[in-house]
Amino acid sequence: MVLIDKDVWNEESGIALQHFLKELKRIGGPKIAANLPKVFILATTISPEEHAELKSSGLVDCALMKPLHLSILISSFQEAFGNGKKNQVDRRKPLTLQNLLKGKQILVVDDNKLNRRVAEGILKKYGAIVTCVESGKAAIEMLKPPHAFDACFMDRQMPEMDGFEATRQIRCMERQFNKQIEAEEVSVNGFGNEVKWHTPVLAMTADVMQATKEECLKCGMDGYVSKPFEEEQLYNAVAPFFFESG
């Protein structure tokens with residue numbers, strides 16, 4: 001297994017990353033696929049085009065967005081090494097936001113009606129199935145496991161209950177539900193999260209200061225997107241969760 005920090009590589013290496021990866025794959029031998037090293041790219045940002053090129057070339061097994069989260073890291077390793085539910089990947093298929101979001105059940109949480117409409121419109125443009133609610137409490141009710149949502153976009157600042165507190169309570173529910181799964185007290189047949197329940201929650205915020213980012217991650221959110229959505233940032237936010245199913 002090889003982990004390559006794309007940001008550091010681009011700054012310090014005199015060798016083109018693509019050339020290095022081709023040589024790395026060649027060393028393993030063309031006929032012994034099982035012995036080829038798994039290659040993971042770490043990146044703060046990566047364009048949809050670059051992501052698609054790396055995957056379709058067969059040189060990269062997974063691209064991980066920084067900062068890393070343990071749950072995503074474990075899931076990516078399981079899929080790459082054949083222990084996950086989705087270990088058959090069509091590397092020839094270029095991935096776009098529509099590939100990633102088409103058919104995904106997305107919950108949008110925002111107390112501002114206009115913001116909800118804008119987020120809903122953008123996500124639907126890429127094929128997502130969108131449900132909107134206007135409060136953190138409503139989000140908690142919608143995300144009580146088991147449920148059918150693939151991800152949640154949560155406004156950071158809302159009256160009565162903000163996105164941070166709502167996320168903390170959602171994570172608490174998931175921990176309790178996972179204990180029931182382990183004890184075989186509940187059945188989750190037909191739902192996506194059959195081993196460990198974890199709904200990706202992405203903060204929607206106009207404040208992208210480092211302290212805000214850290215607070216988002218500290219409360220249990222998986223990432224953040226700025227308002228209004230920008231295509232490349234939205235891609236980078238959802239790719240770690242939906243890449244293999246795109």
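Placed from the backbone N, Cα and C atoms, the Cβ positions cover glycine too.
Record features (TrEMBL):
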type	residues	note
DOMAIN	105-242	domain 'Response regulatory'
MOD_RES	D155	4-aspartylphosphate
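Under DSSP, the residues of the domain 'Response regulatory' (105-242) split into helix, strand and coil as follows: 61 helix, 24 strand, 53 coil.
A mean pLDDT of 88 is what the model gives for the domain 'Response regulatory' (105-242). Around the Cβ of D155 (4-aspartylphosphate), 24 further Cβ atoms fall within 10 Å across all displayed protein chains.
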